[in-house]
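Structure first, commentary second.
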Amino acid sequence: MPLELTQSRVQKIWIPVDHRPSLPRTCGPKLTNSPTVIVMVGLPARGKTYISKKLTRYLNWIGVPTKVFNLGEYRRDGVKQYSSYNFFRPDNEEAMKVRKQCALAALRDVKSYLTKEGGQIAVFDATNTTRERRHMILHFPKENDFKVFFIESVCDDPTVVASNIMEVKISSPDYKDCNSRENAMDDFMKRINCYEASYQPLDPDNDDRDLSLIKVIDVGQRFLVNRVQDHIQRRIVYYLMNIHWQPRTIYLCRHGESKHNLQGKIGGDSGLSSRGRKFANALSKFVEEQNLKDLKVWTSQLKSTIQTAEALQLPYEQWKALNEIDAGVCEEMTYEEIKDTYPEEYALAEADKYYYRYPTGESYQDLVQRLEPVIMELERQENVLVICHQAVCVCLLAYFLDKSAEEMPYLKCPLHAVLKLTPIAYGCRVESIYLNVESVSTHRERSEDAKKGPNPLMRSNSH
């Protein structure tokens, strides 16, 4: 029997299929030369879990398989009923044993994730406030040849701490049976006091001079960075230096309906249809009603987004990075035309929409890399309206909603709707606002071929 063939992502050559176990297809290229354990450090209510989840979302979005291991969840699995802050007293020897066992269980799962499940980065989300605990954790990656990077969140502003407790902590499962918010707040403050007595901050000038770390001070007002080891740690540092905790709103919308939308064509640079111009006027009215202070407006460099923004009568910035995905030889063709002219390309695109790259064009994976500077700048901003294109919109939305590479191309971003994104404690709230202007639908559902996975005779021509 002939060998099954597949095509190398790097070179367009047919090679025998390798049936040995491999990393999940969502991983793409490995961006780390050895697995990394990120160890969070800091008192409770300092934003460690916020940083852990946000950083994990970013790393997964850029193609680095990452998972959070939250010690609080392990503790709640091991101790079904939370009684009070007394569990966290340093002189509660029985509880200390339980907490250590929970930490060891979490580290065992970290090892499994990084060695057997295709993970590249594990985030160990716990207080880790003593040197003794951190030395125990350091022994684990040394045994397994993992790199370690510490992230310490330091905040002495009582207003920020109280806000974090009220927004996140008192609604945690620990306090589901608590009879009042005040009692929960009081218990949590006493829990913090238990940790404060033995807290030993990271000290890169003395005891911790050899550790790779970043200290995030006062929710990003200052940073201290020490001994960054590699490319991925530099990206982590850069990301953490760009995010902020201030309330803001991000609006995503596509341009008004274009002439190519009406014709069912992809790509190109056509202007707005009459309904597209009507949407642009409706968007202008919507933005005015929002009464947003210092709203920034971003567009691509293509006609449809610029014509949509012109109706707002507001300053706007053009980003080449926001241009629609490049369909290469398939630009300005309908899907039916692509199917007739390039049947193999059509089948490959349907089977593997994220990794598939149009000949001389781009894949969604390429688009994510192109959009990374946009994400960094969005994280720095306050209120922003991004007027973009379908593939660009779904890539940005996937970042904020923590969607996988497989889900990304099939997210719905309809014409003539505004997606209002409001960052919240551990995620993002999304509201879809339709502006009552009719348009064609350009959404394509996942094909049956895509649901089955790639064809054995598969050319996945991305890097």
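Every residue, even glycine, has its Cβ placed from backbone N, Cα and C.
Lifted from Swiss-Prot, the feature list:
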ACT_SITE  Asp125  active site
ACT_SITE  Cys155  active site
ACT_SITE  His255  active site, tele-phosphohistidine intermediate
ACT_SITE  Glu324  active site, proton donor/acceptor
BINDING   42-50, 164-169, 346-349, 390-394, Tyr426  ATP binding site
BINDING   Arg75, Arg99, Thr127, Arg133, Lys169, Arg191, Tyr195  beta-D-fructose 6-phosphate binding site
BINDING   Arg254, Asn261, Gly267, Tyr335, Lys353, Tyr364, Gln390  beta-D-fructose 2,6-bisphosphate binding site
MOD_RES   Ser462  phosphoserine
REGION    1-246  region '6-phosphofructo-2-kinase'
REGION    247-463  region 'Fructose-2,6-bisphosphatase'
REGION    444-463  region 'Disordered'
SITE      Arg254  site 'Transition state stabilizer'
SITE      Asn261  site 'Transition state stabilizer'
SITE      His389  site 'Transition state stabilizer'
So of all those recorded positions, Arg46, Thr127, Cys155, His389, which one's Cα sits nearest to Asn261 (beta-D-fructose 2,6-bisphosphate binding site)? His389
Site of maximum Cβ density within 10 Å, from binding-site residues Gly42, Gly267: Gly42
Distance check against Ala391 (ATP binding site) for the binding-site residues Arg75, Thr127, Tyr335, keeping those with Cα within 10 Å: none
Got a sec? Which of these recorded positions, Cys155, Ala347, Ala391, has the most Cβ atoms within 10 Å? Ala391
Mean pLDDT over the region '6-phosphofructo-2-kinase' (1-246): what is the value? 89
Just the number: how many Å between the Cα atoms of Arg133 (beta-D-fructose 6-phosphate binding site) and Gly42 (ATP binding site)? 12
Lowest local Cβ density (other Cβ within 10 Å) among recorded positions: Asp125, Glu167, Glu324: Glu167
Return the count of C-beta atoms lying within 10 angstroms of the C-beta of Asn261 (beta-D-fructose 2,6-bisphosphate binding site), excluding that atom itself. 24
Whole-number answer please: how many Å between the C-alpha atoms of His389 (site 'Transition state stabilizer') and Arg254 (beta-D-fructose 2,6-bisphosphate binding site)? 5
